[in-house]
């Protein structure tokens, strides 16, 4: 994190815990997690996923404090952010103009854009669209009242909607073991993320209109985070017993998928109603060759509901988010001045790095004050950003090169610090200074020009050691958490 010392927020209980209390609570926390499926596949030291072994998901022992007014405001804003991103994805002129410099220098985004263009030129449209997205924020302490600043919007493979609901219940349990207050639960907000996200999936499947058609999860094989995905699958089945889910890799679909004359997608003989991507957001997911890209193109050509569709996928790039932060751009997509102001207030400064006067000035800012910024490529999944001296060095390397336009420079948030205990496999449970990132899930379902479902869908809090820059949970940088509203 940045070198200055941000303000610290008191924990939900007095810390540090008595050693005996700590031992009892951590044992109970681990047992509860394993008993209730708050787990991931065990990852061996050689980074090989072990399909017959599980471990509890890394998590905080206690929920972390989040200002109630900020939390509730972000929840209320989410439907407006959903609508904003829908309108952005539908605006071909804006998308094309915004991404024109990026696709010249970023091969992965260019490949996605090729598919996007091919769909438009062929006149292919999706009768039904579904997006399960997540808007991520950190509490910025530079203003007297503090404010939420948006870190990114995830429109592709927004994970942990299944496990996060379970973690809320775990934290209610552990606080109940320790807290002497009777009404502490009112400060832990309800989290129905898995139910809400499943409702969106079921709605899209029903709108497709063929009950014999399946939902196809596009996944990695093996998948460390399979239980998060399965919880969503099981909730879908609970809501409509007619749903059947199949799990396939991109290569599987590229090899064994086909389109009928009326653009129906079939995989291994089963018609597909919904394609749900939990893979395909980084170049390494396509490293097995053209068959993986064939699967992406096949799904987009089809009538199947793709979550997300290619336009929504591109709308989630860092470049689009930087363009939305420009003066006057939000007004192009939203009408309500108050909502526009509220969304704009969440934006940290974002700057393009194209080879022009504006881009050169932004690069100079980053080089001169590397601790004040983050350098972001057009990538998801954690572990891709540059900080501090590495940021400065990278910008110097990119000086005068068109490749620089593939990155975005973003002001670094000075986050609120909390004290908590991290419960992680094969590591001692110790109190640490930590910072949190709040994600609000959203659902947007449309049929033609009609909005069918637009709502917020629960939350995810990820917390990391203050000494850690990156925040990816599956990359080992952070752990799952729950907000305790104060």
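For all residues, glycine too, the Cβ spot is worked out from N, Cα and C.
Automatic, uncurated: that is what TrEMBL annotation is.
These features come from TrEMBL:
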BINDING   134, 229, 462  substrate binding site
BINDING   152, 318, 376-385, 387, 437, 464, 470  ATP binding site
BINDING   152, 154, 380  Mg(2+) binding site
DOMAIN    214-315  domain 'Glutathione synthase substrate-binding'
Whole-number Å distance between the CA of residue 134 (substrate binding site) and the CA of residue 152 (ATP binding site)? 8
For residue 229 (substrate binding site), what is the secondary structure state per DSSP, taken as helix, strand or coil? helix
By CA-CA distance, flag whichever of 154, 376, 387 among the binding-site residues is nearest to residue 462 (substrate binding site). 154
Check the domain 'Glutathione synthase substrate-binding' (214-315) for me and report the mean pLDDT. 96
Quick one: among the binding-site residues 229, 384, which has the most Cβ atoms sitting within 10 Å of its own Cβ? 229
Among 134, 229, 462, which the record lists as binding substrate, how far apart in Å are the two most distant Cα atoms? 18
When DSSP states are folded down to helix, strand and coil, where does residue 384 (ATP binding site) land? coil
Fewest other C-beta atoms within 10 angstroms, as judged across 134, 376, 462, 464, which are the binding-site residues: 376
For residue 152 (ATP binding site), the nonlocal same-chain Cβ neighbours (under 8 Å, six or more residues apart) come out as 135, 136, 318, 321
Within the domain 'Glutathione synthase substrate-binding' (214-315), how many residues are helix, strand or coil going by DSSP? 43 helix, 26 strand, 33 coil
Would you count the other C-beta atoms found within 10 angstroms of the C-beta of residue 378 (ATP binding site) for me? 23
Mapped DSSP class for residue 154 (Mg(2+) binding site), helix or strand or coil: strand
C-beta crowding around residue 387 (ATP binding site), within 10 angstroms: 18
